[in-house]
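Below is one structure; the comments refer to it alone.
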C-alpha cells in the first residue's frame, strides 16, 4: 500500500551552534612592539529556529531530514575583530505545530501563525577576546574566554490542524460527502468504514465572500481514546477547532446514544473539548419523511442545535451553513490558546513506538580544528555567562 503523504508526527534531532572562542592575539607592529592585547570576541553560535509557514499543511518535508544543525561561531581575530556568527538553522513548519522534548515529554513551544518565529535552541555566545581582560596589573593577558557550548535535543513535532469547524462522527457517517458537497475539497468517498485515513481540509464559501475552514477527521469508534481503530492519532486535530459538528446518520439504531459515545471519547481524550460549542447534524435524512423527523426530534440531545441534512440531495445544507456561521461568530466560540500539558514519559515511549518514531537519532560529529591566530599556550578563564 502506498505510504501516506499526510505526516503529522515526526521526531528530529536538533543542535544549535557553539560560540566561537575569543582571540589571544597580541598587537605586534613595527613601531608598536608592545601594543598589548587586541584579540577580538568570538561569534555567536547559530540558533535553531522554527518558522510557521502557511504553505505547508503536513510535516512530510521533515520526515526524511531528521537532523537540524546550526553553524558554529567563528573565533575572534586580531585588531579586535569579531568572529563571524554561525548560520541559523530555520525549520519551516505548518501552522499548528506543537513541539515536545522527546526524552522528558516536556512541552516546549507552539507555532500557530504564518511567519511566527520561535527560537527552539539558542546558539552559544561567543567568548571574549583577551583585550577584555587587560588591567593595570595585567597588561598582557595570554588567555581569552571560550565560546559558550552548543545545545542539543531530540524533539517531537506534532501537528494539530487549524480549522474553524471539525467534523466528528463514526466511520460512514457522511463526513467526507458533506465536505465535498460544500467545499472544493475532494476526499475519497466510498461505502465502507475507514475510507478516510487522514484529515482533509476544505474552505466553505458563505455569503458576501465570507468563508470558514472545515476539517474532515477520520472516523472515531468507541475506544478510540484508548487506541482502538485509528486511535487517538487524529483526535488531537479536533483540539484546535472552535466548533464541533457531530454527524450521526439517520439510519442509526439510537442517534442520542451514538452522539453520547462520541462525546465520551472526546471527554476521555481531553475533557476541555467539551467546552467547545457543538452542533448535531443527522445525515442521510433524504430517506426520512417529515413524520419520521417529527418522531426523532424529541429523542435528540437537549441544548445542542441540530438539523436534518442530506449531502446528496442538498436537504438542509444552506441552513446548516447559517447555523455554523452564526455559532462561529459568537464571542464564546473564538479559538482560544490551548493549554498544552507535558506528556507522561511512559505513555510517550509507547506513543513513539506506535508512530514508528522510536529510533534513536543521536548524531556523531567531529570537533572543529583549532584555528587560533597564534600558538601561545594559555588557559581559559571561565566567566559567569549570566553576568556577561
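Just so you know, glycine gets a Cβ as well, placed from its N, Cα and C.
Over all protein chains present, the Cβ of residue 169 (GTP binding site) has 23 other Cβ atoms lying within 10 Å. Marked as GTP binding site by Swiss-Prot on the basis of sequence analysis: 169-176, 194-198, 216-219, 283-286, 310-312.
What Swiss-Prot lists as Mg(2+) binding site is 176, 196. In the three-state DSSP assignment, the secondary structure recorded for residue 176 (Mg(2+) binding site) is helix.
Feature annotation from Swiss-Prot assigns compositional bias 'Acidic residues' to 356-388.
According to Swiss-Prot, the domain 'Obg' annotation covers 4-162, on the basis of sequence analysis.
Within the model, the domain 'OBG-type G' (163-329) carries an average pLDDT of 83. Per Swiss-Prot, the feature domain 'OBG-type G' maps to 163-329.
According to Swiss-Prot, the feature region 'Disordered' maps to 352-388.
For the pair residue 310 (GTP binding site) and residue 176 (Mg(2+) binding site), the Cα-Cα distance reads 12 Å. Residue 176 (Mg(2+) binding site) has 218 as its nearest neighbour among the binding-site residues 198, 218, 284, going by CA to CA distance.
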